[in-house]
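The structure under discussion appears below in the form of structure tokens.
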Amino acid sequence: MDNNQNKITLKKGLILKKIQNQSNLNQGLSYEGLCIIRDFDIPIFVYNLLPNEIADIEITYYSKKCCFAKVIKLWNKSSKRKELNNQLKELYESGSSPLLSLSYQDQLNFKQTIINNLFQRNLNYFNVKKIIKSNNQLNYRNKISLQIEYHENQIKFGFYKKHSHQLIAQSDLYLGNSTIKKFYKNILLDPNNQFDQELKKAIFNLKPKKIILRSPSNNNLNEEIEIILILKNHPNKNLIDNLEKINKKISIYKFSIFIENKNHWINLLHHNGIEYQINNFRFNVKNDSFYQINEEIMVLIYQQIFDWIESSNLNIVDAFSGVGTIGSYIANKANKVYSIEINQIATMLAKSNILKNKLKNLEVINDDANDWIVKNAKKIDLAIFDPPREGLKKQSIEAIIQSKIKKIIYLSCDPKTLVRDLKELINNNYLIKEVIPYDMFPQTHHIETLVLLEKK
């Protein structure tokens, strides 16, 4: 690179010629899997570029702290780069799977390094276990969300490119499970498929802006699929009635219709849910109720949680419990389980799932898990946390510290907020006993991490 380049004023739309990061793979990629260019006053994070590659790049987003950029010409390729077919290139170009161009072993090495470094630098912890790989590196997701654009008589489905509203159309859904892929290619995309044409027409008369496809990856012999349509505006009621009428003829399709209003969804049509199975447990799931994306990895995590519970006379809280999967899985190894969930639909489903699975020592409570912990921490022996990406609230951690909770099992999808919360706990008489990362999300930078802590 020209030594004078670091004097250039960075701005959106600026093209930089023959840029290169000469670090190794693990040092040259950011936590999000983007190539980091550090030759300027602020870092530039480049999509679809690997360390030791030379490229012309264009800045697509600028702020005072950092920039993001895209590759407009790749001059040479890294030996680490994996060649992709045209359909996989669509997925890669969207930015939703930034590690797709790496071998799976390189992906695992990258994620292992991220977790190791975070725990070593922030917690002085050097015993992170080897990351548990996913046997399915593609076709593992039981849920896919797609944006929709309408161009005259043409309808396009895809993902928005990062930091833009540019739709990257997808001709296949490589991360979706077999039922989702089949529905997408054979029903939504195929113009020559006469089966379900009436249904397809009824869907697109509603002009949804987004469609969410959900379907169990395990034991889904009937190929049931949940189809959630997100609309901009209230439609003509006749259009909803027409879709519902047609849908009754095809029982494997479960439709929900919502209007997205700021951060809230207004429900216009709903169904009774789809049954998911974990070993011998059955769970009814629908709409926006949380359920883990990768069912293969989910079972491994739940079994590890079960194995960490050594006594059968403990009072356990399953916080941020969703439809009650973790609480149900470990209920037979507890005196009492409290499953705490703020989402009302998920709470309702969790209560029905208790009856479905004939569990008598599990109580489902509709409450904010952080608030419930503050009020009830003193009656809990073991706490299981599976919070959203933002982690635990400060008052929850303070309540835990002041309580008699002997063990904590923390499942996190964001290593940074996980480390932040663990730091508070280990500074207040908790010890990390074990850390196990899981590759819940192959082809992406996301990492699921399970941690066991005990009070000193």
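Here the Cβ of each residue, glycine as well, is placed from N, Cα and C on the backbone.
Here the structure is a predicted model, which means the values were calculated and not measured.
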Annotated companion of Phe320, Glu341, Asp386 at the S-adenosyl-L-methionine site, TrEMBL, chosen from Gln277, Gln292, Gln303: Gln292
CB-centroid shell, 8 A cutoff, S-adenosyl-L-methionine site Gln292, Phe320, Glu341, Asp386, site residues removed: Phe290, Asp318, Ala319, Ser321, Gly322, Thr325, Ile326, Pro387
Gln292 (S-adenosyl-L-methionine binding site) to Cys413 (active site) - Cα separation in whole Å: 11
Whole-number Å value of the largest CA-CA distance among Gln292, Phe320, Glu341, Asp386, listed as S-adenosyl-L-methionine-binding: 15
Largest tally of Cβ atoms lying within 10 Å of a Cβ, found at which of the binding-site residues Glu341, Asp386: Glu341
Nonlocal residues around Phe320 (S-adenosyl-L-methionine binding site), in sequence order (Cβ under 8 Å, 6 or more apart): Ile340, Glu341, Ala369, Phe385, Asp386, Pro387, Pro388
